[in-house]
Structure formats: structure tokens, C-alpha cells
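Chemist: Annotated domain 'FAD-binding PCMH-type' per Swiss-Prot: 63-235, in sequence order, evidence recorded as sequence analysis. The N-linked glycosylation site annotation in Swiss-Prot covers Asn29, Asn41, Asn53, Asn91, Asn253, Asn318, Asn387 and is backed by sequence analysis. The signal peptide annotation in Swiss-Prot covers 1-17, and the record cites sequence analysis as its basis.
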Amino acid sequence: MRSNTVILAALPLVASAASTSGNWGGGVNYSKIFGGGLSANASIHYPGQPDYNTTTVQRWSTWAEPTFAVTIKPATDEDVQYIIRTANKYNLTFLATGGGHGGETGFATVKHAVNIDLSNFKENVLDLEANTLTVGPGNSFSAFETNLYNAGKMVPVGNAFCVNMIGATIGAGVGPYQGLHGLVIDALRSVRLVTASGDIVTASDEENPDLFWAVRGAGANFGIITSATYEIFDAPNNGNVVLAEFAYPGSVNGSLWQLLESWGETYPKEMGLTMSASYSQTTGTTSSSASLTYFGTQEAAQPWIDQLLALNPTQWRNATLPWSEVSQNSGFGTGASVCATGKYNNHPSVGAKQTSVSTYIEVFNQYVEIMKARPWLTSALVVQRFNTTATLAVPESKRGVYPGRDFSSLIILENYYDGPRHDADVYRFSKKLRSQLVATSGFDSLQTYINYAHGDEGPEVWYGKDNLPRLVQLKRQWDPEGKFGPGNPIPLA
């Protein structure tokens, strides 16, 4: 999920864990199969029940979504263990849901599955003596950010406050503060997870280190994480961040890309930046924008802000906020809107290590013409910029799987539209635009960040060609039947 421009019918009765009543989904009595072995605080829910959409996690995007015959909300690690072992016994497909933000084509292959909704796992422990934060998969970034800020601490986080912390972590976790302490996986110190066989294991540098390596970037393929512990850091500038946002006419987009290119190696580690250009179907006009965060003083941020002011924004604002409140307040105060669930959207993306002004201008011009011819389409060209000093400073043995540590930018094609009847058309033009961006990305072939992936890129792109042989070996060891990771699967051969 990105910063603001910024998966059956059943009876209408919720079955408790102790219930033995006949509740059915897709011709299978899931309450009978699972109900007897769950803890008292676990529950079983069926699509079609009046409160299903409010008692279970709903997906952020309905594009390429999985379908579920039943949702089970475990309350303990042993519940997750029991669900996996029981599903294996009855040959039932299952999928774990944390925040519901995953959006790749592979999820559409999951049909009538058992949804393991992890929203009960609210563990949230700040240990200042050990300098760690331990969270469960029921927590978004916002669940712990305020506590960290109040303690004078920080941890790398993603761009949107509503995204699941562990879900973002297992894909690497890019974000506005990664210039200071690296990716979210770089702060990860251990996980507890339930494997495909239903075993509960710990993975860290000391225990199951090969599994821990794989979890950091390919975690969705190896189990269901029920707890994760992170190292935390002292927050600079008393934890306060300068947020500066700028709105411009669409004609300024080229000047924004030129500015981005000019910053090059001088781009500071304290800064996060998102630039975008879009077209309004309502007004028939284009617009562009920039959102800058600086983890430091106003004085230190001002030279960068001044360069954006020199482009004569039609609207702008400058505020100093606790780092824990920046995401919610982005988008001129509309940051929460990016978290709305149930929209139909996808986001092909490209990792880049250089800025091509002419390509960005040309791609945006083509995008505008595409949107003008398709009144059902709302799209934006989004560029997120990062300082790579901290990500590249991580020792090779500690890096995990993520192959994009040298990405200075992620370029995203955001597509919102009204449903699957347009999928083929959107894929066709998105693939063409993506290819143009790849050609001047500074890489010889398509690179991307797995949490922004479309799903067609393949495992060499998601995980890195050099990492794949070791990953395949570990996949065979820990998940030999391919139970996990349908969104971005690691092959077994």
C-alpha cells in the first residue's frame, strides 16, 4: 500500500469456538470440523452473515482477491496450530489474513479457502530495557507508534499507518524513515511462527537462522507469524518530523522530475519524498504534487522545501508533527482516505536507481491520454524517493532476501477502476508503461518491491536471482506442499 498521492454463502449465525451447531460453507460443515478444538476466545464466521464484514478483516483491494468459505479468528498460537493441522487433515486450502493489504494476481488462485483472520493477535509490548518492540499480527503501524514516540523511540515503518506491521515486514518494509535505520526487516530480531506442518518455532539469528533469513523478504511463503520482535532506536529531533506538502498544476510535473533528478546523491538520509501526477475525470485537468518528510529541524529541512516552493505551488503547507502522526496527516490532512477498504485497484511498480525526466514526462502524457479515453479509470504516476545509505550498509549476512536495497526510487502506476471487465485492458497499457519505465530505470531488467508487485514479475524479480536456489531449498524443507505464499509463490523445483 502506498502513501496518499500520494476474500459463499452460509447460515447467518456466528459459531463460537465451542459451538457444535451445523454451520456450513460451500457444502462443508466447518463448525463441526474446527469448532471442537479451538480456544474459548476463538470464533468462526461465515460470509453472508449480517455482521461478517464488520467482525472480520476486509481486503483493501478487491482486485484479484481470494474467496473464502469460512473465516476463523484464532486467539492463541495453539489455535493457529490446530487450524493448520486440521485443514491439512481434511485437505482444505487456507490463507492467513493480517491487514488484508496484499494485492497480487496469485491471490485470485485461492478459492473457497479457510481464512485465518489474525486480528485477535494484539500483542504490543515495548521493552525499554531491552530496547525492543514485540507485536502480534493484529497490529497496524498506528497501534504502537504513539507509545514509541512518547518513549522517545522510533522504528522503521511503512508509508501508510493502517498497514499491518508484520505483513509489511515480511516483504521488506520500505518507508519514509529508512534512510536512518534501513528497512523494517533490518530492525527485525526474531519471529515466532506456525509452519505448514503445524509446528510452532522461533526464527532468529541464533535459532533457525536459515528460516530467519528467508522470513526477511519472503516470509509469506514459510508460515504464519504470530509474534515479531524488533529493535527500536532513539528518535532524532525529539521524535518530531517536518511535513511539507505541495500541490501544482499538472504542467509542473516535468519540473518536479527535474528537481528529483538534480538531488541525486545529495538526497539526505533524514528525508522521505513522494511525488505524483494525475488526471481528474471530474474536471478534465491534470495535477501534480509533492509530499516531503524530514526527520529533523525546520532549519535543516528548509533548503529542500525552498526548492519545491520555487515551483510556485497552488497550495502548500508546512507543519512539524510527532513522527507517529505524519501518515495520518499527509495528503493535506486526508491521509486516512488511502486506508479505505473494498476499492478495485492494482499498482504495477518499478524499482529504479536513477531518474529519467524524459521518460516520466512521456509516461505521464501517455497515461493522461489513456485516462481521457477511459472515463471509468482513475490513475496516477507516483514516485517514492529513498536514501539508500542505511539499507546498503547492512552486512550481507543480515540482509535477508529483499533484492532492492539499491532502489533510490519506486515508481508506481496506480490504477483504480470499476471491476474485472476492464482487467485485460488495464494490464495491457500498464505493462507497456511499465516497460518504458524499466528501460531507463538504471537496471537491465524489471525490478520491483514485492509489496508493490503486480504478480506477473516472477520469483527472480520478487526475491532476487541469486537468492532463489537457497529459497527453493528452504521452501522444500519448511513447506514442501506449497501451503503458503500464493501471492508471490516460491517454486518447489
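Even glycines carry a Cβ here, placed using N, Cα and C.
Since we're looking at a predicted model, the values are computed, not measured.
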Chemist: Work out how many Å separate Asn53 (N-linked glycosylation site) and Asn41 (N-linked glycosylation site) at their Cα atoms, rounded off.
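Modeler: Distance between the two Cα atoms comes out at 19 Å.
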Chemist: Which residues in the same chain, at least 6 apart in sequence, have a Cβ under 8 Å from the Cβ of Asn318 (N-linked glycosylation site)?
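Modeler: Residues satisfying the criterion: Val242, Leu243, Ala244, Gln298, Ile305.
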Chemist: Out of Asn29, Asn91, Asn253, Asn387, the glycosylation sites in the record, which is closest to Asn41 (N-linked glycosylation site) when you go by Cα distance?
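Modeler: When the Cα distances are compared, Asn29 comes out closest.
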Chemist: Note down the number of other Cβ atoms within 10 Å of the Cβ of Asn91 (N-linked glycosylation site), including every protein chain shown.
Modeler: 6
Chemist: Tell me, by DSSP, whether Asn318 (N-linked glycosylation site) is helix, strand or coil?
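Modeler: For Asn318 (N-linked glycosylation site) - judged by DSSP and reduced to three states - the answer is strand.
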Chemist: May I ask which of the glycosylation sites Asn91, Asn253, Asn387 is closest to Asn29 (N-linked glycosylation site) if we compare their C-alpha atoms?
Modeler: Asn91
Chemist: In angstrom units, rounded to an integer, how far apart are the Cα atoms of Asn253 (N-linked glycosylation site) and Asn387 (N-linked glycosylation site)?
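Modeler: Computed Cα spacing between Asn253 (N-linked glycosylation site) and Asn387 (N-linked glycosylation site) is 22 Å.
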Chemist: With the cut-off set at 10 Å between Cβ atoms, which of these glycosylation sites ends up with the most neighbours? Options: Asn29, Asn41, Asn253, Asn387.
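Modeler: Output for this query is Asn253.
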